[in-house]
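Swiss-Prot annotations:
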| type | residues | note |
| --- | --- | --- |
| ACT_SITE | 175 | active site, proton acceptor |
| ACT_SITE | 294 | active site, proton acceptor |
| BINDING | 123, 173, 177, 295, 327, 379 | substrate binding site |
| BINDING | 201, 203, 204 | Mg(2+) binding site |
| MOD_RES | 3 | N-acetylproline |
| MOD_RES | 14 | N6,N6,N6-trimethyllysine |
| MOD_RES | 201 | N6-carboxylysine |
| SITE | 334 | site 'Transition state stabilizer' |
């Protein structure tokens, strides 16, 4: 045996494989205020003990690998390793449990959601000892969240920019989402904004296709919103989608939007990536642009109960990366979203301090300190009959977005916008008068139809439309 090898042995190095739980399962550990905490739903392979599976998650998402390495002796493993500090059973699920893992703050680069996710969810989800793994929640300590800019402006600054208070904001996604020329697209934008909406929106997959290049769309939409502003006396906006194939092209589109003087741009933050999104958010704050965020691709990640990542984690990540709006489900429309769960992550988007509440899926108390909030956007299969429920569920600090529920009006786009604006104003007035929208909502809408033929026509068209399917993701 060489002297060098003897030296390794003398400091305790022993080659081979040992159980993760011997190093990474530490039920006696007391979490620190600076730790990033994670709650994983773990489904181990048959024969793998819960402690070993939880420890494996902690190891493979922090400092561990499959075998002992002698370079462990060159650092302080106790300082840098993740620790599985608690395990609890999942009620009604014999083969699942929640593993709580604490990560030291020094494992993560400051101000980088990309690095945070690369570490915590980047590799461990393919681990063979696990049948399935889902990240249910993260606790982001102020010591880490303060390294992020967060939303470019936030809720209060947006209201001040728009001079609109005391009600939800109204939007509309232009349909058909693909195939319109830039001029016809701009026409639809103008008609919707003139009819009473606050915003119109590019759909998530409208970028720069052969039928409508981005620069043409930006110019016609800017012309449309300025014309609508002049005619209505209200500040209007259109979410110009700056998402592109490269960060450089994305920034070029955002710069052109700023030169046009429009108030807001848009980004698909999951398909575009967190690095690109954070860069765009920084540009938007520096240049006075609001930033609307679409969550295209989220259901690939978050829809299955046993594997992936819950949207509340993606919502927290977006608040750190930066966005002033984000789509958050509707509860009542065509897209997935259970009420208590949805309201849980809506609070995580908007509020400064959110208490732990397992009944709403919130595993940790979250303190955002001074980070601005994000407006949740309710969009997808909603129409005027949903307005009372949406107003009651989401409150004033939200954006209610009707695509087909505006453009599908039998009289055209502008009457569709009028119908939605009248319905919203009626619901807000009824709520302010003390009426119970959950119980009296339909009556409130019927009363408003007496004064608005546009609303009456909309109510007739969509009176039988419902999306009644069981939610997949429930508590």
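Every residue, even glycine, has its Cβ placed from backbone N, Cα and C.
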For residue 123 (substrate binding site), the one of 175, 201, 203 that lies nearest, given that the recorded positions are compared by Cα: 203
Candidates 175, 201, 295: member of the recorded positions with the richest Cβ shell (10 Å): 201
List of residues, in chain order, with Cβ under 8 A from that of residue 177 (substrate binding site) and at least 6 apart: 203, 205, 206
Minimum Cα separation from residue 201 (Mg(2+) binding site), reported as the residue among recorded positions 173, 175, 327 that achieves it: 173
Chain-internal residues, separated by at least six, CB under 8 A from residue 294 (active site, proton acceptor): 204, 241, 266, 267, 268, 269, 326, 327
For substrate, whose listed binding residues are 123, 173, 177, 295, 327, 379, the greatest C-alpha pairwise distance in Å: 36
Residue with minimal Cβ packing [other Cβ atoms within 10 Å] among the binding-site residues 123, 173, 379: 123
Between residue 175 (active site, proton acceptor) and residue 379 (substrate binding site): CA-CA distance (Å): 13
Residue pair residue 175 (active site, proton acceptor), residue 295 (substrate binding site) - Cα distance, angstrom, rounded: 18
Extra residues within 8 Å (Cβ to Cβ centroid of 201, 203, 204), Mg(2+): 173, 174, 177, 202, 205, 206, 239, 241, 266, 294
